[in-house]
Amino acid sequence: MEELDYLAGERKRAEFDVDAMKIVWAGSQHAFDVSDRMSRLVASDPAFRKDNRPMLSRKDLFKNTLRKAAHAWKRIIELRLSEEEATALRHYVDEPAYTDLHWGMFVPAIKGQGTDEQQKKWLPLAYKMQIIGCYAQTELGHGSNVQGLETTATFDPDTDEFIINSPTLTSSKWWPGGLGKASTHAVVYARLIVDGKEHGVHGFIVQLRSLDDHQPLPGITVADIGMKFGNGAYNTMDNGVLSFDHVRIRRDQMLMRVMQVTREGKVVQSNVPRQLVYGTMVYVRKTIVSDASTALSRAACIATRYSAVRRQFGSQNGGPETQVIDYKTQQNRLFPLLASTYAFRFVGEWLSWLYMDVTQRLQAGDFSTLPEAHACTAGLKSVTTSITADGIEECRKLCGGHGYLCSSGLPELFAGYVPACTYEGDNVVLLLQACVARFLMKTVSQLGSGKQPVGTTAYMARVEHLKECRCSAQKAEDWLKPNVILEAFEARSLRMSVACAQKLSKFSNPEDGFAELAAELVEASVAHCQLIIVSKFIEKLQQDIPGEGVKKQLEILCNIYALALLHKHQGDFLSTGSISSKQGSLANDQLRSLYTQVRPNAIALVDAFNYTDHYLGSILGRYDGNVYPKLYEEALKDPLNESVVPDGYREYIRPLLKQQLRSARL
């Protein structure tokens, strides 16, 4: 039987090679092949069914996730999958699980902070999943302020052990995924105390549960922290609470790549600089940026397909109503989000290159690019996750009332994604105190010293030009020129940073200045990060891009992304003098024209994500567009519809109706 495709007409309108765009989206032919193969493997396996998640109880939801994680591991072993293939398979299972933290945080922490001997001991066990690890950093009272953590690790020279202790209620570890019920071990971050003196926060490998019966070891109290936001979503994950009552561990369980404690109780700094710890942060945050692109692309795919299926108003002479996607108001909200998915994808690719470059430099003893990489990944993590969380919710609203149904896939996608705005650093804190703003202010302060800014701040070397230049756009088409767009974004970013630096210089205490100017510093940080994303999108366009019409479509998306940002932040561009009000109006005119150009290709652009219906998990976003019959079928599956007369009718509805009938005056 031939499959119905209600979006076939839309797909015929595509002005580019969709298969070639799939390769561009994936990053390479090899990456596409792995992704395509693993996504279809998961979609074809009934064991990975997920459409019933919102209706499961918390206990059943968690047990179901344990089953899927075990089945995934079984398939990985049976098929002898590579590490890359195994990672892709777990990704397409599409369910937050304890394995996420095991592979995503526990293993990288040991690789990044453990000595060669520690890696040889612990990594083989972790790779075979003979131990299950998590990452216990955040506490009930402290998250982003890592230096404020209260858990202590006190060295006992008599026994050659560390004593791990939770001295207060707020020192309890709180939020680590996988901790609540599954993990046997954790990398625990605690204040190192030797001979009564503190030496900062360090990581320690601590066994939490028996490998025989999974019971917590003596002195350890551990539990799940309870239901989170949403129906299924992150409730598949056993986020936990953990406290220690003077738990003793061997001295060699302190991660000692950067600092060691000797048998005699001496604290020795290794020849590996402490900044090496940031390498793990760079890895995790660059992964989060890539995940932002994936999450937003799923939401955009659902909203775009449904916007083409849904018709509303505009009927004339008995003809069909207008497709929702043809309304400019819908395009104005949807197409910038579609463009953002591609922008985040390409900046994520660049971050992967940056991580490899930084890693190679670190191994060679070159730490010069680490501060910039740290600031970049922190800032881009903040900007992309905030936009993605808001974007998923916007896509839900773009789907009208049906977007509120769990079967749309959007409520669960939002609930499962939104924690990204606070994990691995609260987004505002990352922009301000921790990373970006301080890095920018330091860069500005060194502009007159002869030290040239590099990397993503290289544009600041042209400080005098960017302070005085005026945008050259004279007509709407000028906003299609990459140099015009880039200079406007560079001028805005530099002028905002310089203005903040000038205001900061008037404070006798810089910390008072940071506190007072916090909002402006955050805005300057966002401007800098947006410039990075725009510039990396433009750089992508300068590469050799295969496929007929692909580059043209990417140029349209790049310009939509940049001009939509310019429109949204027009106040910044105008107040800094980076553009004039007339130029802002011309940019808006060009943006509307770009929406018209992307419209015939919208469905093909989301098809390029190559998502199976299983992975997308949305009736509204079905590939075939057969939405309404499937919505009806899904509604009838709800347990409430198992009986025509509901449970509780005789106890609560019938007596009420009878009472009303007896007392009514007709």
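Just so you know, glycine gets a Cβ as well, placed from its N, Cα and C.
Curation does not apply to TrEMBL; its annotations are automatic.
Record features, source TrEMBL:
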ACT_SITE  Glu424  active site, proton acceptor
BINDING   Thr138, Gly177  FAD binding site
DOMAIN    17-132  domain 'Acyl-coenzyme A oxidase N-terminal'
DOMAIN    134-236  domain 'Acyl-CoA oxidase/dehydrogenase middle'
DOMAIN    278-441  domain 'Acyl-CoA oxidase C-alpha1'
DOMAIN    482-658  domain 'Acyl-CoA oxidase C-terminal'
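Structural mapping of features recorded in TrEMBL.
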residue : record                       : Cβ within 10 Å
Thr138  : FAD binding site             : 20
Gly177  : FAD binding site             : 25
Glu424  : active site, proton acceptor : 24
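A gap of 12 Å separates the Cα atoms of Gly177 (FAD binding site) and Glu424 (active site, proton acceptor).
Across the domain 'Acyl-coenzyme A oxidase N-terminal' (17-132), the prediction's mean pLDDT works out to 96.
Straight-line distance linking the Cα atoms of Thr138 (FAD binding site) and Glu424 (active site, proton acceptor), rounded to a whole number, equals 9 Å. With DSSP states grouped into helix (H, G, I), strand (E, B) and coil, the domain 'Acyl-CoA oxidase/dehydrogenase middle' (134-236) comes out at 10 helix, 44 strand, 49 coil.
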